[in-house]
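What TrEMBL says about this one:
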DOMAIN    52-165  domain 'Expansin-like EG45'
DOMAIN    175-255  domain 'Expansin-like CBD'
SIGNAL    1-27  signal peptide
Amino acid sequence: MDPSASLRFAATAVTLLLLVASPAATAEAGAGGWEDAHATFYGDETGAETMQGACGYGNLFEQGYGLSTTALSSALFNDGWSCGACYELQCQNSTYCKPGGGASVTVTATNACPANYSKPNENWCNPPQRHFDLSKPMFLDLVTDFHVGIIPVRYRRAPCVKDGGVRFEMMGNEWWVAVLVFNVAGDGEVTAVAVKGDRDGWWMDMHRNWGQIWDGDSRLIGQGLSFRVTTSDGRAIVFDDVVPPTWTAGQSFKSNQQFVDV
């Protein structure tokens, strides 16, 4: 064999091996597949205890999430980058699963289930455990008796379905400006936000503070704002002039665009 041909063959083989072993290739191969985990619940039937939390959301009813929510263990929460993602869960391998074998719930990640390293065992939210802390109504949709406490489940990522467009809540004060991005359909996970003031006329990358709260610059005060939002599947939408120059901290603004195929 021609030595140069042998080298080309070897290089091709190494490239294919790297592609198969790469995280992107592995993630794509596993997209839509089921994984094993456990689930429990927190709070009561009203969902009052599930409000606010580690993603920066507030009143989940007013913000469109309702009771279809979950807190994630550390391994799934990913330091807040998973906020807004949606998951389908099914009860499995438990006599407490609702009969029929097909009962499932789809929930949005809105909070974290914090790790507790002081406990010697049953550390359900400690890494590397994959665990969902559901609202009680979601848990009741999976089991015949909530007293079971913790159940084995299988889960997979699911498309987020939301009413209306992506929404923006302005935060901060005269020294600090931030925005909460919420009600995001499709992939759900926001990975980048940029802002443009109508006076400045240029895009500025925002920095994630925590959860889905993104920091900007105090120079944005008094300007009408456009946002460019990117989700973890690589899709990006520009929301032109979605916030008027008269905005104040605490106000929320609805867009007429959403991360769904039309």
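Just so it is clear, glycine is given a Cβ too, placed from its N, Cα and C backbone atoms.
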For the domain 'Expansin-like CBD' (175-255), the number of residues DSSP places in helix, strand and coil: 3 helix, 43 strand, 35 coil
Residues in the domain 'Expansin-like EG45' (52-165) grouped by DSSP into helix, strand and remaining coil: 15 helix, 35 strand, 64 coil
Segment confidence, the domain 'Expansin-like EG45' (52-165), expressed as mean pLDDT: 93
